[in-house]
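Student: Below you'll find the structure I mean.
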Amino acid sequence: MSSILIAVIAISALALVFGLILGFASIKFKVESDPIVDQIDSILPQTQCGQCGYPGCKPYAEAIANGDTINKCPPGGQATIEKLADLMGVDIPSSAHDEEKSIKKIAFIHEDMCIGCTKCIQACPVDAIVGGTKALHTVIEAECTGCDLCVAPCPTDCIEMIPVNTTPDNWKWDLNTIPVVNLPADKPTKASEL
């Protein structure tokens, strides 16, 4: 047998043994988590932006399960608050309605002032900023959650949060408020009778 074949067989055998050990250990030493925390975490948007005051979505989910308020996630918006209220069986906080009326903002980089330091890229939790070292940076509008975390690290203050104008392209229809009426097919009905 050649030495290469022996080495391949030995490494394959070691990989198989270590894989079996890891598989056994993952079953034997599995840590059970709270299922309500997992459900809450699946509702949150997973931007890990920290606007809620927690270092990520999982710690905020744990805090909600322990009784914290459900309206601290700006990227999730009103839809997330409603889903969390339904899951937790609580009323929607009144401040959540005020936050929904606020205008959504996104980051805008004044490229003539940008020095390409990449500090904003490192701060962005959703990778909405593109650019390279010593190159101009720009924000991908569709990806930006408006978390404002990129503004503080910028040494030249070239990033500002600007309001997003509502257009037909970014309009969010609330389909639950559109009335749906079932009409019988055999009886013609006038629109005024609805």
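Placement of Cβ uses the backbone N, Cα and C atoms for every residue, glycine included.
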Student: Using only what Swiss-Prot says about [4Fe-4S] cluster 2 binding by CYS114, CYS117, CYS120, identify which of CYS57, CYS73, CYS154 is listed for that site too.
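Tutor: Between CYS57, CYS73, CYS154, Swiss-Prot records just one in the [4Fe-4S] cluster 2 site with CYS114, CYS117, CYS120, namely CYS154.
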Student: According to Swiss-Prot, CYS144, CYS147, CYS150 bind [4Fe-4S] cluster 3; so which of CYS52, CYS124 is the extra one listed there?
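Tutor: Between CYS52, CYS124, Swiss-Prot records just one in the [4Fe-4S] cluster 3 site with CYS144, CYS147, CYS150, namely CYS124.
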Student: Of CYS49, CYS73, CYS117, the binding-site residues given in the record, which has the fewest other CB atoms within 10 A of its CB?
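Tutor: Looking at the binding-site residues CYS49, CYS73, CYS117, the Cβ with the fewest others within 10 Å is that of CYS117.
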Student: Would you report the average pLDDT that the model assigns to the region 'Hydrophobic' (1-26)?
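Tutor: The average pLDDT of the model in the region 'Hydrophobic' (1-26) works out to 94.
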Student: Under the DSSP assignment, what numbers of helix, strand and coil residues are found in the region 'Hydrophobic' (1-26)?
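Tutor: Going through the region 'Hydrophobic' (1-26) residue by residue, I get 24 helix, 0 strand, 2 coil.
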Student: Reported in the order helix, strand, coil, what are the DSSP residue counts of the domain '4Fe-4S ferredoxin-type 2' (135-164)?
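Tutor: Split into helix, strand and coil, the domain '4Fe-4S ferredoxin-type 2' (135-164) gives 0 helix, 7 strand, 23 coil.
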Student: Taking only C-alpha atoms and a 10 A limit, tell me which of CYS57, CYS73, CYS114, CYS117, CYS120 are near CYS150 ([4Fe-4S] cluster 3 binding site). These are the binding-site residues.
Tutor: CYS120
